[in-house]
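*Asks:* Okay, these came from TrEMBL:
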- 1-23: signal peptide (SIGNAL)
- 514-533: transmembrane segment (TRANSMEM)
- 597-623: transmembrane segment (TRANSMEM)
- 864-1031: domain 'SSD' (DOMAIN)
- 868-886: transmembrane segment (TRANSMEM)
- 898-920: transmembrane segment (TRANSMEM)
- 932-955: transmembrane segment (TRANSMEM)
- 976-999: transmembrane segment (TRANSMEM)
- 1005-1031: transmembrane segment (TRANSMEM)
- 1391-1409: transmembrane segment (TRANSMEM)
- 1421-1443: transmembrane segment (TRANSMEM)
- 1463-1482: transmembrane segment (TRANSMEM)
- 1494-1517: transmembrane segment (TRANSMEM)
Amino acid sequence: MGSGMGSALGVAVLLACAWGARCQEASNSSDWKTTDHSPGLCATYDFCGRDMTMKGIPCPDNSPARNVTDSLAKKLEEYCPSLWEQHAGAGKACCTEQQLDSLWEEVSQARGLFRGCPACLHNYVHLHCVQACSPDQATFTNVTRAGPNELTGVTELKEADYYFSDAFKLELFDSCKNVTIPGTDARAFQFLGDPSTAQDFIDFLGMPTTDGGSASYRHSFPPAKDTPKGMVPIEDWLAQCWTPNYECACHDCPVKPMCMDHSPGVCTVYGDCGKDSNDKGIPCPDSSPARNVSDAMAAKLANYCPALWAQYGGTGKACCTEQQLDALWADMAQAENLFAGCPACMSNFIHLWCVVSCSPDQSTYMNVTALQTNHLTGQSEVKEAKYYFTDSFKNTLFNSCKNVTLGQTTLPAFMFLGNPANSQAFLDFLGTPSTAGGNAPYHLMFPPASDAPPGMVAVDDDRPQCWTRGFECSCVDCPDAPVCAASFPSGQDGSGSSNGCSALGLGSSVVSCWDLSVIALYIIVAAVLLTTVRKGMQLKHMYEPLLPVDTASGQSVEAGSEYGDNMFAAGQPITLPVIHKPIENWLRRWFRRQGEFVACNPLITILGGIVLVGLCATGLVWFTVETDPQMLWVSKSSRAWKDKVAYEASFGPFYRVENFIVSTTPHSISDKMTSSGLPSIGMGRYVDLMFDIQDKIDGIQATVGEGEAAHNVTLNDVCFKPTGDVCGSQSILQYWQMNRSVWEQQVTPMGRKDGHDKMSFCIQEWPRSCYSAFGAPMDPKIVLGGFSSGTKASDLADDSSAFVVTFLLNSSIEVRDAALAWEAEFISLAKSELEAMARGANVSLSFYSERSVQDELQRESGADVRTVAISYLVMFAYIALALSSIPQQIKHASQMAVATRFMLGAGGVVIVAGSVVGALGLCGWMRVQATLIIMEVIPFLTLAVGVDNMFIMAYELHHQNRAVPLFIRMGEAMSVSGPSVTLAAAAEVLAFGLAALVPVPAVRSFSICAAIALLLDFILQVTVFAALLTLDTYRAESHRADCFPCIKLGDPCAEETMYAVVDSGTPSQGSNPEPPRMLLQTYVSKVHAPALLRPPVQAAVLVLTATMFFASLSLTSRLSKGLEQQVALPRDSYLQQYFGDQMEFLRVGPPVLFVVRDMDVVPGSPDVDKICGGTGCKPNSLMAQISESKSKHLYHLESSAASWIDDFMLWISPQLKHGCHLDPQTGEQCLAVEGEYANGCEKCITGGFPAGSRPNVSEFQRLLPWFLSTLPNENCSQAGAAAYSDSIQRDPADPTGIAGLSNGTIVASSFRAAYTPLNSQAAFIDSLSDTYAFVDSVRSTLGMDIYAYSTFHIFFQSYLHIGARAAYVLLLTMLTSALVCWAVLGSFGAACLVLLCVAMTLVDLMGAMRLWGVQLNGVSVVNLTMGVGIAVEFCVHVAHAFVNMPGTRAARVAGALEGVGAAVISGITLTKFIGVIVLAFSRTQIFEIYYFRMYLALVILGAIHGLVLLPVLLALFGPRPPPLADSEVGSNGNRNAYEQHVAAEGRYVPPPAMNGAQTDEM
């Protein structure tokens, strides 16, 4: 502007100020600030002054942007098109038309500099337009100083900060830095301060005229990271110098693709112009011909890049320096750790980088797209470049490497390379620059070949596949090879197959073929049953014998009613004698004499019983209780036991495992959330917490020994040390060598020190960096938990919600006591301090020790002592009450004192206890180790059987004719009840005795002790209890008080006393009173029996029980196997939380070791090739089959196997740069120091050792011990000290230290794989079953001795065959019981009906188990076995009474029920029901689930089948009655007949007086 115009402008400003228009009053203040940075506000507006060059100085103004006039809008669209396009809709701006004109005039001066480069000019103009006119000016502009104009006094702008993104600045700078002034060779930047960086350039533009710049006030451009809160840096799009419509000339934009020379023989880059944060060279842009190479470099190219040199060696040229080539080869040494096992992959990977770096035709496929200036050297260096390769090249590279496994980690190598899904993703990962978290020194892009610009040609070199001859990889690394497609295992994928009936096209249905079969069978059976019942009357009279005749009335029992109802009302006994079967007859005679003897000699009998029990109990000296689950449930002949013994013989006991899990809760503090919804644990504060916890654990001191031998041990004293001196713990802290100082001082290659970044770096780089303290890489999936499956390594830190820490303790016998003591202190510390520390940090801590389960089980064994005691006390009280003969009308308290039988009940309970004690003593004599199950189940079983017998014997005595002497009555009662009791006892004892043939130790010991206990109980019942019953009856008949028999009470109601006897106990003259009926007897005779004899009721019973049976039969196939760990432990156990956390957070399965025995390493032997997984190994080798199983998700295998033999052969291979070295002078091994070997060291094998070669015996003997003692490092991960130190059986007696190696054989070696996460009992069982199937297949295929071992195998071995074993035990016990019943009852039909009811009871019990969540395991199998005994007890007494009774089926059923039904209901059903109910209040889940639920179901189902179904079946299908005897003996008070009978027999044999259809034996 001219001076005249300047004066006019000054006058105008003065006038405006005077008028108060827009300008602020003059002020001496210089601290004017922009206060509101909201969108739509200005920071400046209009001019308030001029600088010395007459450039306008804007006014500070923090008011809303102004509406623009049409004229201003038109100019904005013309001058500032990008800004107007962005904000045209708003129609506002923060500049006046005068300001815009002034801006355009200033920019016009710059157009002379930049007009040759439209991109630069556009960006330059856009910068000034944004600063001056943006309607959102306040969001990025901050006025920092304002003051009065020297002429006008008006406040004008002095300084302002403008915030632009770093990318904006850099793109502006890059678009202009190479621009030259048209017509000259001078660079435009030479007239703009000659800036070397984007910040220098923009700082120059903001320099005020007062400092020699061109700006009217000071423009500052702070870094974007310093943007104040509430402001947003500008990130507008800017044009690149090659952007279409903004393209610059080649001399102004040398990086433009069409500007570079893409002729063959020309380079695109050459040499290094800088270093990245990883100290990798960044090349210089260089579009010049390829350079000649020296002889030394030519030799290196031929060695390092053989394929490239073979293609271009004739030219003698390259586009890389020797220094670049050496750096390339150093990088390839790390790639060897990943790909060395697959020659094709390694060759293709190396060739890729050789082509990228050194090809003399580099410019034909490489295009530099962005440059940057090195801040140290000032040189231009490559920032971005595009490399064009054909899809064929990319896919061949990807496919040759995608399945390669990294030996020791057993993980795919691609897991450490971004886990790419395709070739493009793989190359994109390789090209990610270090500035973005990758490993490339600059951004390498690999666009599709079709995008190659004209004149460029994509690389299409022919590369080998992983099966190409000369480059073959093993089937482990190349499963797609044609030779590998042969027989591989076809196991289960672990996802569970369909339960539907695929044979009928119902594969996806929940209805199985078993269900359909059961339904069809049910329909048939139901139809038959309904037809049978409908014709019940006809069937009822089939084979009908002579009807019993009541001798008093001379009528048939059934004469008065269609269904014989008068039989229950007549009250007159049936007196037809029958001829018994020989065994029954013999038993009756035996028990009659025994009963009379016992009644005559009760004290001697009782003393004899005490002596018997005492002698048996002496065996308790040798009585021991086994609590080790391995000894309880695993047979020593089982496969798992043999594998365990073999493993421990070769490698020693497996480590003792100590574990704790620290997890976040919804209340935890974290910057990130995981996919599970919990806060992330990947924060530095939680690593600090882990160090605090570790310090506490390291400080544990446990005392071992006593007296002078006492000493303290720490974790370091008892831990497993794989490399000899450092504990092999698995913890997130291992990334920093368990050292807090390393953690605090670590700086990642990206230059950051925050905790999250350090953790994320180590999690991503763990195979190459952040090695553990004991020298091994630490898989993050082992030490982290809670992350989602498929989470990328880069996201693991953010997506994990738990740290998992595992300490492995030495399990040798020498330190066992010390380890146990340390574990006890660890548990105490965890409970007292560690949990509190975790709570203080708002996280959760759960823990586990090797001894935890056994400790908690022992604590549990006493947790329900009170509950069990109350249960038995309640049953005792009921027994005493039920045995009592309470008068129907009590007129005096003395009647109650006499009628109760607490002493008899107590005696019966003592007999049960004595039989249990005696049985345990005999088991001690036999050296049978007892189990807690014996202590819990056998008392229940013995009490159930014993009480039943007590009630039957007491009821029989109660129903005897009291007109005869007591000893005669006892003999007669025993003759009637004895065979029934004997039958039940014999069936049960033989059944349990045969069940002892099952090889499972817990079942065997239970069966032996149960059989002995039942036998002793039977002996004591028929002797001691009979004696006690005699004494108690004498007491009652003598009117002596119960519990105080010395007190004799008078009989104020003698006429109604329950016993019509005189004090002497002799029969009263002329009387034979009817014994009073008990309540249950009344129910049975008046309600129960009549109802069951009605056809409608019979039909309902048959249909309902059949329905229940078939429904349960269907459910049996759905019984789950196992024993949930939480169920087996107390509810308040600290392990409850641990096992829950284990299922929720752990993402790795347990390890499984495949052990190979007697592997021959002599040359010519195929053993090595049958096992290994590298080049030259058998296509179906062990490693190949494991890898195939893992890749196809078979056999529950999650990982390939860590193969020491493959890593060993790689380690000794001359191709591995940092592998085995030795000193040729001494023959000793050379160890690298900081990645370098001492001068003179050479490869251990220097001759030809092509891929697939095998070492000879002497090389094995010399080098294998070295391999096992060498620690891995970043340069050589194959060394075996950390991973394989315990993988080969050692033998100090062998010169090599390895068992058998001196003879050319490795006696035993293991190969470690891992299962998928096993989160249920079914998963554990299925995985074990699949593993055995896999090992059997491999053994058959390879012909070698191989077995699999994992610590859980032995605990789940029993579940593989538990269904078959349970069926075997139950069938054996049931069939034995049936045979005994047949022999004693003398009726095959009755035995079959008893067997049917017992079988239906057990099937229904298993159905109840399925519905009630009871799993099939050792505890439930024992309970089922006991159920056979209880079910037999429910059935056999009714059946025995039935077959020994004359008359019709209906009459015999009624008589049997009235005779023994009440005893069965009282003795088993009600007694057990009352006792079981108490168990519902137990504190432990195992008692509630496996005892309360199963016992309750057993009692109910046993009663249904024994007291409801069996009578119906007997009424319909019962066997013929016994034949009638030739003579009869009446007993209805006929004293003469009685005396005649006595005279004829020569002894007292009273006729039966039992209501119903009882007959005397002849």
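Using the three backbone atoms N, Cα and C, a Cβ is placed for every residue, glycine included.
All annotation found in TrEMBL is predicted automatically rather than curated by experts.
These figures come from a predicted structure and were not determined experimentally.
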*Asks:* Out of 597-623, 976-999, 1421-1443, 1463-1482, 1494-1517, which stretch touches the transmembrane segment (1391-1409) the most, going by CB pairs under 8 Å?
*Replies:* 1494-1517
*Asks:* So, taking each listed stretch (597-623, 1005-1031, 1421-1443, 1463-1482) in turn and counting its Cβ pairs to the transmembrane segment (1494-1517) that are under 8 angstroms, which one gives the highest count?
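*Replies:* Comparing 597-623, 1005-1031, 1421-1443, 1463-1482: 1421-1443 has the most Cβ pairs near the transmembrane segment (1494-1517).
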*Asks:* Give me the stretch from 597-623, 976-999, 1421-1443, 1463-1482 with the greatest number of Cβ pairs under 8 Å to the transmembrane segment (1005-1031).
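*Replies:* Top-ranked stretch among 597-623, 976-999, 1421-1443, 1463-1482: 597-623.
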*Asks:* Residue list, the transmembrane segment (1421-1443) vs rest of chain: Cβ under 8 Å, 6 or more residues beyond ends.
*Replies:* 933, 937, 940-941, 944-945, 948, 952, 979-980, 983-984, 987-988, 991-992, 995, 1002-1003, 1006-1007, 1010, 1014, 1362, 1365-1366, 1369-1370, 1373-1374, 1377, 1381, 1384-1387, 1390, 1393-1394, 1397-1398, 1401-1402, 1405-1406, 1452-1453, 1455-1457, 1459-1461, 1463-1464, 1468-1469, 1472, 1490-1491, 1494-1495, 1498-1499, 1501-1503, 1505-1507, 1510-1511, 1514, 1518-1519, 1521-1522
*Asks:* If you average per-residue pLDDT over the domain 'SSD' (864-1031), what number do you get?
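*Replies:* Overall, the domain 'SSD' (864-1031) comes to a mean pLDDT of 78.
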